[in-house]
Amino acid sequence: MGLEKSLILFPLFVLLLGWVQPSLGKESSAQKFERQHMDSSGSSNNSPTYCNQMMKSRSMTKESCKPVNTFVHEPLEDVQAICSQENVTCKNGNRNCYKSSSALHITDCHLKGNSKYPNCNYNTNQYQKHIIVACDGNPYVPVHLDATV
C-alpha cells in the first residue's frame, strides 16, 4: 500500500516542482532596481574606483560591461516615496514615471572609452540631481531609473 501511494504522489510532486521552480530565485523588477541603483550606505566618497567596485559587486559586468549606471545614496523609503510625487512622461512615452521633489545624492558611472569586457573600467562622478523613476506593482515601487535631471 505504501509503495502504491508513493508511485502516485511522486509524479504529482515532480509536476508541482516543475510549476513552482521557475519562480524560485527570479529577481523581481523592484529587486533589480534596488540591486542596480540603490546604495543607501553613503556616497562614493570621491573614490575613483567606486564605480568599478560597485558595478562588479552588483553583477553589472558579468557578461558584458554595462555602459552607464546611476547609484542613489538615499534611504530606500525616500526613493520609494517618489512614486507618489510629480507624475511625468517616461522616455518611452509611458505615464508611470515620477520625478523626485528634491535633488538627491547620486553617483554616475560611465564606461571609459578604451574599456573592454572583462576589464570594465568606469569614470565616477558625484552629483545632486532630481531623479525620474518608473513605478509599478503593488505596492507601487520604483522598477526603473528613467533619468536624472
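Positions of Cβ are set from backbone N, Cα and C atoms, glycine also.
Listed in Swiss-Prot:
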ACT_SITE  HIS37  active site, proton acceptor
COMPBIAS  39-49  compositional bias 'Polar residues'
DISULFID  CYS51-CYS109  disulfide bond
DISULFID  CYS65-CYS120  disulfide bond
DISULFID  CYS83-CYS135  disulfide bond
DISULFID  CYS90-CYS97  disulfide bond
SIGNAL    1-25  signal peptide
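Sequence features, as recorded in Swiss-Prot, placed on the structure.
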| residue | record | Cβ contacts under 8 Å, 6 or more apart |
| --- | --- | --- |
| HIS37 | active site, proton acceptor | ASN69, THR70, PHE71, VAL72, PRO142, LEU145 |
| CYS51 | disulfide bond | SER44, ASN69, THR107, CYS109, HIS110, TYR122, ASN123, THR124 |
| CYS65 | disulfide bond | MET55, LEU111, SER115, LYS116, TYR117, CYS120 |
| CYS83 | disulfide bond | TYR98, VAL133, CYS135, TYR140, VAL141, PRO142 |
| CYS90 | disulfide bond | ASN96, CYS97, ILE132, ALA134, ASP146 |
Same-chain residues at least 6 beyond the ends of the compositional bias 'Polar residues' (39-49) whose Cβ lies under 8 Å from its Cβ atoms: 71-76, 105, 107, 124, 126
Where CYS109 (disulfide bond) sits in the secondary structure, as DSSP reduces it to three classes: strand
